[in-house]
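A.B. asks: Reproduced below are the annotations present in TrEMBL:
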ACT_SITE  Tyr122  active site, proton donor
ACT_SITE  Phe407  active site, proton acceptor
BINDING   Val81, Gly82, Val83, Arg89, Gln90, Gly91, Val92, Leu93, Thr94, Ser117, Glu118  acetyl-CoA binding site
DOMAIN    4-150  domain 'N-acetyltransferase'
Amino acid sequence: MPDFDISTAKPDDWSTLVRMLSLSFLEEVDDEIAAAEGHTFEPDRTLLARRGGELIGSAGVFTRRLAVPGATVACGHVTQVGVAAHARRQGVLTALKRTQLADIRAAGEPVAALWASEGRIYQRFGYGLAARRLSLEIDAREVVITVPADPAVTVRGAVPAEVRDTLARVFDAAWPDRPGWSQRHETTWSYRLADPSARRDGASPLRAVLAGRGGDVVGYALYRTRSDWDSAGPRGAVSIVELVAPTPGAYVALWRHLLGFDLTRTTGWWCAASDEPLLRMVNEPRRLGAGIGDSLWVRLVDVPTALAARRYAAPVDLVLDVTDEIFPENARRWRLVGGPDGATCEPTTDAADLSLDVKALGSAYLGDPSLGPLAQAGLVVEERAGAVARASAGFGWHRAPHGIEVF
Ligand SMILES: CC(=O)SCCNC(=O)CCNC(=O)[C@H](O)C(C)(C)COP(=O)(O)OP(=O)(O)OC[C@H]1O[C@@H](n2cnc3c(N)ncnc32)[C@H](O)[C@@H]1OP(=O)(O)O
């Protein structure tokens, strides 16, 4: 029997939780950060582990929908996970995660998603790496955008807090179409724009640039600038925080702006999309300083509901033999029939086309990678010849998933 209890948080647990989380993340308690993060705190979805009354662990959820190929799905956005240093490796996280996953399923959310501080933490709970992160460190003087600018699109600077409603309107129209982006509530925007000084790392406050066409704002970017000089002159930097530009005209105009600041030499973006169109529209892609990392990890907690909720780029009719160490309800054979207009997923006793663990399904769920690379990794087993190729055409998507924000 564990010697700790798990219970649901109350609103006034926030300051104790902040102290415990700050310590477990090796950070100082910062009132501005605590106030910013407090906007999104959902006490009734936050689990706390206590031993003898002392808070020793936590695991929270944000209630937001997640964009998946062709649809959006209710998704437990897992956050605020930490265990006090003196209570580590005693099974506290394991107990919290098992309770949390069951709660997410009971809440009717077929999917859970998170950003991991370390990838090794969550795979044992059935999470698969579902979106890759492109990091860009662009040598801005060496890169020329070769696609023409749309003369009808103009850009103007703005203070983010003053254009919050405009940003929200552009984002609301865009997020459902990009797998990996998540619905934002008023509270999400309050957190996103709060801009605590301890999170600026010596750079400017958050700034906005808006792309407009005929009086409408059609895209925006949030960014910071940093002034720097050496004996040869200026070497300032632009750091992009997010860029939302659904049309090519807005996308090109915003990138031209962000690469063209006087007194800067580099433009960076820590979490661009792995299929960022910029890779194809410059004269010297090598100078983009691109690297690949991980962003979103996805766990299907209710396999048939999750698989039926997304669309498939090509028709699929497949029997999937799924293993799942945590949810026996998921562990069986499922017939998935779907295509661009919808899907069904029902139990079956027919022979399997593919065998795979729920972790591999989580990896493939947002469309990249499709099943081919997972089969090559040995994570998907082809039980019927040709099934991987057929399934891959359906599971892939025309836009790669993108984790646009750490939550
Ligand atoms: C979504 C988010 O919020 S991501 C943020 C996660 N939080 C952090 O990184 C803060 C700092 N780290 C911590 O607070 C803790 O180390 C946690 C939460 C990662 C792990 O908590 P613990 O209570 O120690 O985990 P628990 O004891 O249940 O470990 C379960 C297993 O995972 C392994 N494990 C857990 N965390 C790690 C890690 N960071 N590195 C390597 N192995 C780990 C343990 O070794 C154990 O394996 P075993 O059963 O084979 O021995």
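A Cβ is built for glycine as well, from the same backbone N, Cα and C atoms used for every other residue.
Unlike curated entries, TrEMBL annotations are predicted automatically.
What you see is a predicted model, and the numbers here were worked out from it, not measured in a lab.
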A.B. asks: In sequence order, which residues at least six apart in the same chain have a CB under 8 Å from the CB of Val83 (acetyl-CoA binding site)?
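C.D. replies: For Val83 (acetyl-CoA binding site), the qualifying residues are Ser24, Ala49, Ile56, Gly57, Val92, Leu93.
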A.B. asks: Measuring Cβ to any atom of ligand 1 with a strict under-6 Å cutoff, which of the recorded positions Val81, Val92, Glu118, Tyr122, Phe407 qualify?
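C.D. replies: Only Val81, Val92, Glu118 meet the Cβ criterion.
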A.B. asks: Report, in whole Å, the straight Cα-to-Cα distance of Phe407 (active site, proton acceptor) from Glu118 (acetyl-CoA binding site).
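C.D. replies: Taking the Cα atoms only, Glu118 (acetyl-CoA binding site) lies 14 Å from Phe407 (active site, proton acceptor).
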A.B. asks: Roughly how wide, in whole Å, is the group Val81, Gly82, Val83, Arg89, Gln90, Gly91, Val92, Leu93, Thr94, Ser117, Glu118 that binds acetyl-CoA, by largest Cα to Cα distance?
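C.D. replies: Those residues reach a largest Cα separation of 19 Å.
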A.B. asks: Compute the C-alpha separation of Val81 (acetyl-CoA binding site) from Tyr122 (active site, proton donor), stating it in Å without decimals.
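C.D. replies: Pair distance, Cα basis, whole Å: 11 Å.
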A.B. asks: Could you give the Cα-Cα distance between Gln90 (acetyl-CoA binding site) and Phe407 (active site, proton acceptor), in whole Å?
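C.D. replies: That comes out at 26 Å between the alpha carbons.
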A.B. asks: Taking DSSP states H, G and I as helix and E and B as strand, how many residues of the domain 'N-acetyltransferase' (4-150) are helix, strand and coil?
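C.D. replies: Taking each residue of the domain 'N-acetyltransferase' (4-150) in turn, the totals are 52 helix, 53 strand, 42 coil.
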A.B. asks: I'd like the number of other C-beta atoms within 10 A of the C-beta of Thr94 (acetyl-CoA binding site), please.
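C.D. replies: Result for Thr94 (acetyl-CoA binding site): 13 neighbouring Cβ atoms inside 10 Å.
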A.B. asks: Please name the residue among the active-site residues Tyr122, Phe407 whose C-beta has the most neighbouring C-beta atoms within 10 angstroms.
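C.D. replies: The most densely surrounded of these active-site residues is Tyr122.
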A.B. asks: Which value does the mean pLDDT take for the domain 'N-acetyltransferase' (4-150) in this predicted structure?
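C.D. replies: Here the mean pLDDT over the domain 'N-acetyltransferase' (4-150) amounts to 97.
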A.B. asks: Which one is it: of the binding-site residues Val81, Glu118, which Cβ has the fewest other Cβ atoms within 10 Å in this structure?
C.D. replies: Glu118
A.B. asks: Which site among Gln90, Val92 has the most other CB atoms no more than 10 Å from its CB, taking these as binding-site residues?
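C.D. replies: Highest number of other Cβ atoms within 10 Å: Val92.
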